[in-house]
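Some features that TrEMBL has for this protein:
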- 51-75: transmembrane segment (TRANSMEM)
- 87-106: transmembrane segment (TRANSMEM)
- 126-150: transmembrane segment (TRANSMEM)
- 157-178: transmembrane segment (TRANSMEM)
- 184-204: transmembrane segment (TRANSMEM)
- 216-236: transmembrane segment (TRANSMEM)
Amino acid sequence: MENKYKFDIEYPTQIEKQNSINFILDATKKEEEPLITRLKNLFLGPGINVIFYQSKLLVLMSLAIYLFAISLGYVSFSINDYISPEYMIIIMFPVINVSFFALSMWNEEQSAIVELKRTLKYSQSYIITLRMLYVSILAIVINEAMLLIITDVKYQLKIVIIAFATSFIFSVVSLWLYDRFNNYYNIVFLCIAWIVGTTGISKYNSLIINTMLNTVPTVVCVAIAAISFGIFIAYLRKVEKENAYA
């Protein structure tokens with residue numbers, strides 16, 4: 001039986017197909033953000049209140065631990081004339097970073113802030129890394145204040161550079177240890193090992209300080225500081241891309 005109905009179907013030309021494909025692709029592309037906006041989103045994305053959620057008091061506790069450690073070191077310096085104030089300050093460089101990180105991770109495990117984490121589009125690792133970034137900057141400022149009070153002025157620039165490098169190196173190591181072993185005990189052991197180790201070799205402090213401040217060129221210290229900061233930023237960018245619900 002002959003079909004009485006005929007339909008004329010118009011197929012799109014190849015050019016029309018390609019135009020449709022290009023339209024869809026263009027619609028899904030994100031506009032490239034200006035550099036300033038990109039940096040702002042990287043460093044301030046969640047906002048300070050989220051970054052330091054339930055952690056503001058821990059910053060003060062870390063400062064208290066640091067001041068207590070400095071006081072003990074100063075008493076030790078007064079008793080043992082062979083220990084230089086520069087060496088004592090260098091020993092204390094990572095105390096704020098490491099103590100805050102350990103307290104922060106302990107607090108997260110105790111409080112179990114599941115409700116907040118479920119509302120975030122940022123990963124926990126990203127927030128913790130941002131937290132350590134700002135604490136590292138604070139630690140550098142506090143260490144600089146102590147340098148102005150205790151150490152010889154002529155050494156301050158190089159010691160500040162060393163403090164900068166130390167802060168970010170210990171922050172990256174702490175973050176990596178927590179990510180690798182998923183507990184904060186390793187960070188506590190790291191801090192104890194650092195203090196015990198540096199105290200154990202304190203009788204060589206004059207040689208160590210002389211090597212660091214007089215023998216090693218400033219440009220080398222700057223390079224180490226730049227590399228340590230670069231590693232930290234690379235880690236920050238890595239965790240920024242992680243899924244918050246992973």
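Placement of Cβ uses the backbone N, Cα and C atoms for every residue, glycine included.
Proximity of the transmembrane segment (126-150) to the transmembrane segment (216-236) is established through 3 or more Cβ-Cβ distances under 8 Å for residue pairs spaced 6 or more apart. Scored on C-beta pairs under 8 angstroms, the neighbour of the transmembrane segment (157-178) with the top count among 51-75, 184-204, 216-236 is 216-236.
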